[in-house]
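Visitor: Sharing the feature lines straight out of TrEMBL:
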ACT_SITE  A:205  active site, proton donor
BINDING   A:9, A:10, A:11, A:12, A:13, A:14, A:15, A:16  NADP(+) binding site
BINDING   A:105  NADPH binding site
BINDING   A:190  L-homoserine binding site
DOMAIN    A:355-432  domain 'ACT'
């Protein structure tokens, strides 16, 4: 059969990785796909840049629209990232009857509903495995591998930068800022790391995971998002004393009331496999009603791991080229008419256990006041640590683990406790998940 | 679209699970597959047996060939297990132009080449996700999710019974036989557990994993297979002292000389995620040249986890019903004309590190003799434990960890050491893998 022609938008890290993998493993990929997959055209901002990979045999141009409008191209691989012009390019490619493969999580999370509708109408495929957890085939696992299940929960370590920082803080007892600087030097964090450390990147990915797990449209604006910037070495230590590790998780969970979607630092029991995913690695726990808990682990970023997913999508699209469009794997796992809005919950209606750290005057009756406020809001205490008073201070740290509670109740309790004269400053709260 | 009709062979554990999952999650499954998937016919040896699941709406019969020959059935799900009549039924179903879904690892490992050839000629699909690692979508991950990669290694905990026994031996310090009895009581081991504890079941699964990872035909007879029956609590303890845990692994690895396929107890460094997979759970490590190491974890057996894979295959086949047969995912990941025999190595040519435990007279010069024999065969010692002499014995246990060595060399060294007058009895050997 004649080769499939790919037009590549962007010759950055992922674009380069994609070309390298397609070249190096050409024989294996052809053997799997049944025909060769070749990059014939590519666009890049700077055509004269020195690159570490060969672009031999590829027609290069500066204008990505030239690639998207080229009638010889079967599949467009969008690897430039960001919203515009990526969105316009993808929609133009679809309108030109081309299939699209993209690694762009922000684009899919924010504009996927529009893009998938256009693709559906045109009868073309948009594949986005590389948008979540790099080389781990997590989209495929949920959308196809677990298609028998009513999915109950998805919980993922889906931002390698945050996981690297938390791992280093724990293993070496370092402050957040010190590790962040190191991560920048190692290339694990961008010069502007805010997307990673404030949770935005994880929220994009969680939006996608929640949609394909629960059959709901993409709803990025409903994800409650917190990053790891407030985590202190003391919290990491106290969590350890209580038998937990702090992980930055994206969690989507089906409850009787609706679906929780949230991204935040989380205490996870130390013995769980998810608590032992270290450094820049990613892992996603998916719990289905038939299969029970399953975990998918691997590299969540980097040129070749991401290219692994991009190329797997190219093979998938190639394998499905001749299939009847209405029988293909649906973009969001469910057929468009089977999607429902799923009642994604407001953050106040989420239910979880909490780690609370506060600073209180070391005098009799303080703990009684705090537990009274918690008790009035149906919050039970699971464990309690009181640390020694530091020299020259009047306050001691008090650490509480609570049982599960509605977040709205916890907000009210925290507000009331912070108003107590014996408590100083803000209360640090970190959610606790058993992931069992 | 009109529903897909499934004919089910066997109403045992997996058959019952499949019916339960299809009924319970009918709405979700239809939403994903784009049409309903319904079991219309089923065969069972005893039609009058009381069952825990409903067979309402299903036409039951005793003769499975009635199901296979029924013109209304689109997909046959073979869930009776064993070789015959399963083989004949599957071939007949294929000849009748039906797609097949099977959970039968022995059948695929031993007769898959014949079955896939027949299916290829007939233009039908044979799906077998449930044959390996229960509900974990590991076939899909390797065959589709990692299709960009040259696979370097697959290493799996793929027999839950063996993993349960090894976990209990370690956690509770028990003898093999005691845990086996307990496993039988808990339903984790069959009345005749030999397929599990002697490694046959894992070898069936490894045969399948090796084929789809490396693009080679199924070659069960070339797998070197050892079970866990010789592992003692002392070995478990010594492994722990050295920083390892003993896991029963199926390993398929690409080397410069050919492909290793082997199933045996293995020392794995305690900090690896794979070493922390406990009880009846399964996990498979797959290492690709682009993606690096990835791990897939979940329940490897049980009615509903296995049904999860069977039903996922039913959805997959349904989604691909209208696709051009030559564009479908190939049974063994690669197109038939891209398979090669891959040069599977004889066990003597495998390379691995070793744990050796022997019993020697406690006198000067013994260790020198042993290390001389190892040194003559280019075997370096990595670590060494000598235990205290037990009261009323003349011998002490000596434990060695070696560096990597060709298995043929190790065989010769062990033979020579066992002949030393100062060494008593057989040497216990367990292979060591870093899984890094």
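Just so it is clear, glycine is given a Cβ too, placed from its N, Cα and C backbone atoms.
What TrEMBL says about a protein is an automatic prediction, not a curated fact.
Help me see these features in their spatial surroundings.
Guide: In sequence order, A:105, A:109, A:131, A:132, A:133, A:156, A:158, A:159, A:250 make up the list of same-chain residues 6 or more apart from residue A:205 (active site, proton donor) whose Cβ falls under 8 Å from its Cβ.
Long-range C-beta contacts of residue A:12 (NADP(+) binding site), restricted to its own chain and to partners at least six residues apart, with a cutoff below 8 Å, comprise A:79, A:80, A:81.
Its Cβ taken as reference, residue A:105 (NADPH binding site) is surrounded by 25 other Cβ atoms within 10 Å in the chains shown.
In the shown protein chains, 14 other C-beta atoms lie within 10 A of the C-beta of residue A:190 (L-homoserine binding site).
Counted with DSSP, the domain 'ACT' (A:355-432) comes out as 23 helix, 33 strand, 22 coil.
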Visitor: Going by DSSP, is residue A:11 (NADP(+) binding site) part of a helix, a strand, or coil?
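Guide: Residue A:11 (NADP(+) binding site) sits in coil per DSSP, no helix or strand.
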Visitor: I need the least crowded one of these binding-site residues (A:9, A:11, A:14), counting other C-beta atoms within 10 angstroms of each C-beta.
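Guide: Each of the binding-site residues A:9, A:11, A:14 was scored; lowest Cβ tally within 10 Å is A:11.
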Visitor: When DSSP states are folded down to helix, strand and coil, where does residue A:190 (L-homoserine binding site) land?
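Guide: Assignment for residue A:190 (L-homoserine binding site) reads coil.
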Visitor: Where does residue A:105 (NADPH binding site) sit in DSSP terms: helix, strand, or coil?
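Guide: Helix, per DSSP.
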Visitor: Suppose you look only at the domain 'ACT' (A:355-432); what would the mean pLDDT be?
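Guide: Within the domain 'ACT' (A:355-432), the model's average pLDDT equals 92.
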Visitor: How would DSSP class residue A:205 (active site, proton donor) in three states?
Guide: helix
Visitor: Identify, among the binding-site residues A:10, A:15, A:16, the residue whose Cβ has the fewest other Cβ atoms within 10 Å in this structure.
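Guide: Fewest other Cβ atoms within 10 Å, among the binding-site residues A:10, A:15, A:16, is found for A:16.
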